[in-house]
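Asker: The structure is given below, and queries will be raised subsequently.
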């Protein structure tokens, strides 16, 4: 959110393509002033003498194609570096720019009150520089901040939440002290190999950065299996190893990379533009053996058609890896490049793996939703349980909105009278019922429905809840649902968010209302707990507790 950029002074330089000198603007909280005459003469002695009168300069707005020298002051939403001309409110955003870094950037886009630039060259590095352990960190879109120390990553995320709650949520010292409400971010103890699910894409031509274009090859050697280059749906960065997934998953990736390009196998990568080709995605999921606790792996090949005979050489190769207990084939014949197939086939082993979370066992199918960082999900769900504050006497009703496969509601069910869960995805509701059955939980009801399209009768089929859990996706809650919650007046709401910007907006509505819509807020924000679920990425999770006024 642009309005949340910290009000720090910064230097902003515009490099004139036909001049040997720079226009420099100094931003302060009160004005945007040009260089003093003495400073100006040092850079431009041939054009202006040191005793020449100072000229006032109009506020500067860069144009597309121009080159600017910038200093990154903070990280914004999605991890983009933010520089801001404070006096004009003009914001310049740059991907992969980190706080304290001075760099040259070319303006690629002007949109309203901000511009986007592409970094051309780093002049001086950022202040918390570390060496990124991943060889793909400079190009892959997954881990944008690997070369920023983890302590600095945490500070940036915590500051971002604070700014959003202040400027978007409109929470200040008047709401019993924002410093008391906003808790320090909970770090992740495991910063690598924490993801239990990774999805890699096949492509007909591997993407290469400009400095490596001389290595470009043709034929099967040019085929790619890896991650999409940032900003491109049809370009794939070839990846042999990912430091975010488990070691057994990397063994599978290496085994597939070692043989799938063999012309004798007749395996063709899917072309997202021509819609020709067979192999679309390789999805790897890591679970646990419930009895031994050892890692178990599910491998899912997503293909454009069902031709199991083409996959069998790969199946024979990777099934020899001890941790592989399931190999699936999802068939997606549509031109879309999604990983969910219309049909699913088991090629080897079982069709589900398991994971343990908060003492409960969850079955995970190829397309099931499950928290991607199991270790940190334990921390997250414990925080939710603490916020819920269930008495444990079985007298309280829990309403679990956006319940997914029921993981949050089921972890609370043992201390509640009944849990009612709502979710739009039918398969997720099916999985939730299965998970309840596996764990012997009978006081949970899961209902399929779109919470963005609730009608006047919503709420008629469950009693008034004592606690509402809301865990929406990135766009946050629809105004219809917010109105319903304000009318429902449940004593407590726990808002679990993966997007602090929409979280701050929704908390503002619930606490302060919406004046232009004549909606009155009726909740008090008690705590906001940021949680780092995904180190080295810009993503932030928050657990927020609201109590009825």
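Each residue's number is its place along the chain shown, starting with 1.
Cβ from N, Cα, C; glycine included.
TrEMBL labels come from automatic prediction, so no person has curated them.
Annotations for this protein, taken from TrEMBL, read as follows:
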COMPBIAS  33-42  compositional bias 'Low complexity'
REGION    33-60  region 'Disordered'
COMPBIAS  48-57  compositional bias 'Basic and acidic residues'
DOMAIN    61-121  domain 'TRAM'
BINDING   371, 402, 423, 471  S-adenosyl-L-methionine binding site
ACT_SITE  498  active site, nucleophile
Asker: For the domain 'TRAM' (61-121), how many residues does DSSP put in helix, in strand and in coil?
Answerer: 3 helix, 35 strand, 23 coil
Asker: Including all protein chains shown, what's the count of other C-beta atoms within 10 A of the C-beta of residue 471 (S-adenosyl-L-methionine binding site)?
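Answerer: I count 21 other Cβ atoms within 10 Å of it.
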Asker: For residue 498 (active site, nucleophile), which residues in the same chain are close in space, meaning a Cβ under 8 Å from its Cβ, but six or more apart along the sequence?
Answerer: 473, 474, 533, 539, 540, 541
Asker: In sequence order, which same-chain residues at least six apart have a C-beta under 8 angstroms from residue 371 (S-adenosyl-L-methionine binding site)?
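Answerer: Expected: 357, 377, 380, 407, 533.
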Asker: For the S-adenosyl-L-methionine site given as 371, 402, 423, 471, which other residues of the same chain have their Cβ within 8 Å of the site's Cβ centre?
Answerer: 369, 400, 403, 404, 405, 407, 408, 472, 496
Asker: Near the Cβ of residue 423 (S-adenosyl-L-methionine binding site), how many other Cβ atoms are there if near means within 10 Å?
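Answerer: Residue 423 (S-adenosyl-L-methionine binding site): 25 neighbouring Cβ atoms within 10 Å.
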